[in-house]
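Q: Annotations for this protein, taken from TrEMBL, read as follows:
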type   : residues : note
DOMAIN : 63-145   : domain 'Aminoacyl-tRNA synthetase class Ia'
DOMAIN : 228-800  : domain 'Aminoacyl-tRNA synthetase class Ia'
DOMAIN : 840-971  : domain 'Methionyl/Valyl/Leucyl/Isoleucyl-tRNA synthetase anticodon-binding'
DOMAIN : 995-1071 : domain 'Leucine--tRNA ligase RagD-binding'
REGION : 173-196  : region 'Disordered'
Amino acid sequence: MKEGQLLAAVASEIFKLRQLARFPPDVLQRLVVNCSFCQMASSTEAGKSFARRDKLLEIEKDIQKLWEENEVFKAESSERRPEPGEKFFGNFPYPYMNGFLHLGHAFSLSKLEFAAAYHRLRGANVLLPFAFHCTGMPIKASADKLALEIKEFGNPPAFPSIEDLSISTEMEPEEANGGVQTLPDKFKSKKSKAASKSGGSKFQWQIMESVGLSSDEIPKFQDPYNWLTYFPPLAKEDLKAFGLGCDWRRSFITTDMNQFYDSFVKWQMRKLWKMGKIVKDKRYTIYSPLDGQPCADHDRASGEGVQPQDYTLIKMEVLPPFPPKLSSLEGRRVFLAAATLRPETMYGQTNAWVLPDGTYGAFEINDTDVFIVTARAALNLAYQEKSRFPQKPTCLVELRGYDLIGLPLKSPLSFNETIYSLPMLTILTDKGTGIVTSVPSDSPDDFMALHDLKLKPALRAKFGVKDEWILPFEVIPIINIPEFGDKSAEKVCIDLKIKSQNEKDKLAEAKRLTYLKGFTDGTMLVGEYKGMKVQEAKPLLRNKLLEVGQAVEYSEPEKKVMSRSGDDCVVALTDQWYITYGESEWKNIAGECLSNMNLFSDETRNGFLHTLSWLNKWACSRSFGLGTRIPWDEQFLVESLSDSTLYMAYYTVAHLLQNGDMYGCTTSVAKSIKPEQMTDEVWDFVFCGGPFPEASDIPHSLLNKMKQEFEYWYPFDLRVSGKDLIQNHLTFCIYNHTALLPKHHWPRGFRCNGHIMLNSEKMSKSTGNFKTLRQAIEDFSADATRFSLADAGDGMDDANFVFETANAAILRLTKEISWMEEVLAAESSLRTGPHSIYADRVFDNEINIAVKMAEQHYNDYMFREALKAGFYDLQSARDEYRLLCGTEGMNRDLLWRFMDVQTRLIAPICPHYGEYVWKFLLKRDGFVIKAGWPTADSPDLTLKRANKYLQDSIVSMRKLLQKQISGSKKPNKKGTLATVPTEEKKPTVGLIYVNEHYEGWKEVCLRILERMYDTERRAFAPDHEILDALRNSSIGQTSDFKQIQKLCMPFLRFKKDEVASVGVQALDLKLPFGEIEILQENIDLIRRQLGLDEVEVLSASNPNDVSRAGAYVSLLNQNPPSPGNPTAIFLSSLSRSQDANEDTIAG
């Protein structure tokens, strides 16, 4: 076994080892030799035995068959509406079906599965449905790509060498962790999904081969609908193997291949349209020129969540005469077009900037105007109706930045009638237009670039800059900013000691300090809006520039966006259909819904609030891909994030329409229903409380049954998803529910989680750190996979699926089965009768605690903690009980209760294991998944604390005794080493002295601390106040106070630290249980664990007991016992008889 694997295995057992520390060496040695991590190591070293895993797989197969035969997950409504807690309806964003499900899907899904299983166990009527998303362009794009490859390279294809290839597209599940988008700002990932999931394959054919398809099967996938019949059934098969408690009758796929779902989406879209919530408008949107349509988040290989960035394009007119390079443009109006986010600063222009080595072009905008910009900017402009030929930029002259240096310009609002274009070395041509207008009063970059050119004649000479183009131009104050004055850029550059335009980090800090403050607090010093706040003047100035034709609107992606077809996206001004998210009244209603939802974390709620603050009109139509046609404009399809916002309602009736066929091809069980019979009136009646559709020819009983199903199950109680869907799908879900359904049917809860790592590294196919759900089940079994998913984590941070945890789970589950089999076989040898001994009471109490703690954690959907309380802690309690009972043996009824409780508590996470134990070992009726939550008395926390006291005391006494037996390693005062005790001098008697009450100066200290503790703030008064109280106390008046104070101060510090650790109970004058009673009851246990012949428990406050110490009473004075800390004296039989102390150690 590798060292790392062994350490991981040891870590998984660390809690148990801590418990073992309290046992004698000989017992400990036997336990360690037999403990699971050692067996695991030998098993791994032995090689390739998978018998334990295969045993679990065999159990899972049998249990799944049993579940299916008995239809245990079939969810039926009733005519009576359920009371709170009687039903649970949970769902999960349907995954995209262009590949196999992976552990990212399984992780998010497991949160729903565990929650649903918990509610089912408690007796709720549970509905957990599952569907498959096929809408959008990825499948169609992959199918078309495959067809092109076959056409170009043959069937099977003969591909060129890999060096000749460019970027690839991929066939991977689109919605890792339940979704694909990332929330702006704090939720953004550092790497695109395309980059992280690319497997290195360059051709679609090779990607298909990588998932196990043969050369005979692959050509069929040129038809996009073949994907729809291939992958969803495989996903269903994998989820069944996972043990998903799903009512599969309600499954469906999207797109018009399922005409019932197609009808549902058309009804939803028509209803929104009639309500005025879908409008046709021209808006800026991310757009793929290659695909010829907007590129929404689901259509992107990279750039998820990226929005259009709006600029003002300042038209800086080139003054004649034109230089030779521009001579062909004579007679045209030629402009350097500079993109700016700060049009209010144009009064302070001193020049324009160009990148000397940059590539530019003179592009024809219309019959008269020519813009000099980069080709990338020209392409964006062409898709924004700013090109003579729409969507086709026309370059009249190709230019370099050097060609533009020194051009005389007339720029809008500038106080300088003529300014010049000058070189700047830090311009980025992948942002804006490559032309930058210079305002050195407010831009630190502009100030330093101008400063460099003015002070460095050699730099001017290098680029051919004439003195008259720059030296006469001074900084023009235009805005006053508190703290920075009217030349903010100059001041901040001086403050930060910036010396050059090349100090990028310092300049970035300078901008951070001034830009936002300039917008929020700045005041205009010039122009017609003089005296007005910048944030008020900015939109007015922008509108004025646009109205008089001195500027135009311009937009581009705020970051690079690549479509799944491999296209570099632009921003286009498109005339299409939009859903009016962000509309004021609708936004307020969505906020009301959100405020009443259970979101399980503040971080999730803040994510939704942030999304509601910026989300605006959403393009809901596409012209390429698969899906449902927009019913009133069938040239368009409904895009993939707009047909997936209300479908949770469709689950409630899908089984009645489709008869269990996910494609909706078979007919209803009651009577044949055709999709065309599902009219808007029928959908309105079922979902919206509309009037009974008298004109419908669907049987009335079936109509009423559909309505009953919806009214029973809705609203859904929980939707589980990756956090990256907050910014679109989940927020869209809120909007659509509030628009279309009455308030009592609005969603009740969203639970969002982070992504999943594998073995502490990002899951990535490109690095090989990737595992499909099918592979995980094959490698670990379903229950061990589920166990590791539960253990991976629960919050919004990324979780960690550890292979060693899954392997350890295989061992734990199979060993537990073996242990139960042994106990059941040896039933007749177990102790019977009441729980009569201390160990029984402690074990019974630990079971009660496990039941209560697991219940709390399951209710909070904190499944790692539920696993700890319901399995790990119970295992430790059982192991401790087994050892504490000693020769008296374990109680039969208690063991039966333990097996019953543990099986129920682990059932939501490991249901196959639980079902096997329930039915085949415990021989119980029914199914454990519906067995009910175990009953338990209220935990006795005092007993738990008493047991901890007992165990801690035994550990402390054992260490002391072992030290005495091994002999002192330090020399005595004469310099000679102490010898190891002989057999006759070996300690055999233990005197344990207890003081159950703090007395004297310790009691005074505790009462002072009690008075000085603020329970609300959970803090003590300052130390000087505590010291003053000590001086004014009874001990402060004694003559030896200084000596007592030396004892008090460390005691006060110790008790303050103890309060921080265990709570205010650390200030109690006595423990809530009788120490003597606990120790006396367990004398036999103490004697066995310490290996002594005799043990006595004595009171340090009883003079008769103290006298029993004889000559060793001085040891009690040196080490007096206190509440919670008994003092032990160990004697040999010889030393006791001789009343000698030479072999005595006290503690």
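Glycine residues also receive a Cβ, built from the backbone N, Cα and C atoms like all the rest.
Situate these features within the shown structure.
A: Along the domain 'Aminoacyl-tRNA synthetase class Ia' (63-145), the predicted structure has mean pLDDT 95.
For the domain 'Methionyl/Valyl/Leucyl/Isoleucyl-tRNA synthetase anticodon-binding' (840-971), the number of residues in each DSSP class (helix H, G, I; strand E, B; coil) is 100 helix, 2 strand, 30 coil.
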Q: Counting each residue once, how many in the domain 'Aminoacyl-tRNA synthetase class Ia' (63-145) are helix, strand and coil under DSSP?
A: 35 helix, 13 strand, 35 coil
Q: Among 63-145, 840-971, 995-1071, point out the range having the most Cβ pairs under 8 angstroms from the domain 'Aminoacyl-tRNA synthetase class Ia' (228-800).
A: 63-145
Q: With DSSP helix as H/G/I and strand as E/B, how many residues of the domain 'Leucine--tRNA ligase RagD-binding' (995-1071) fall in helix, strand and coil?
A: 50 helix, 4 strand, 23 coil
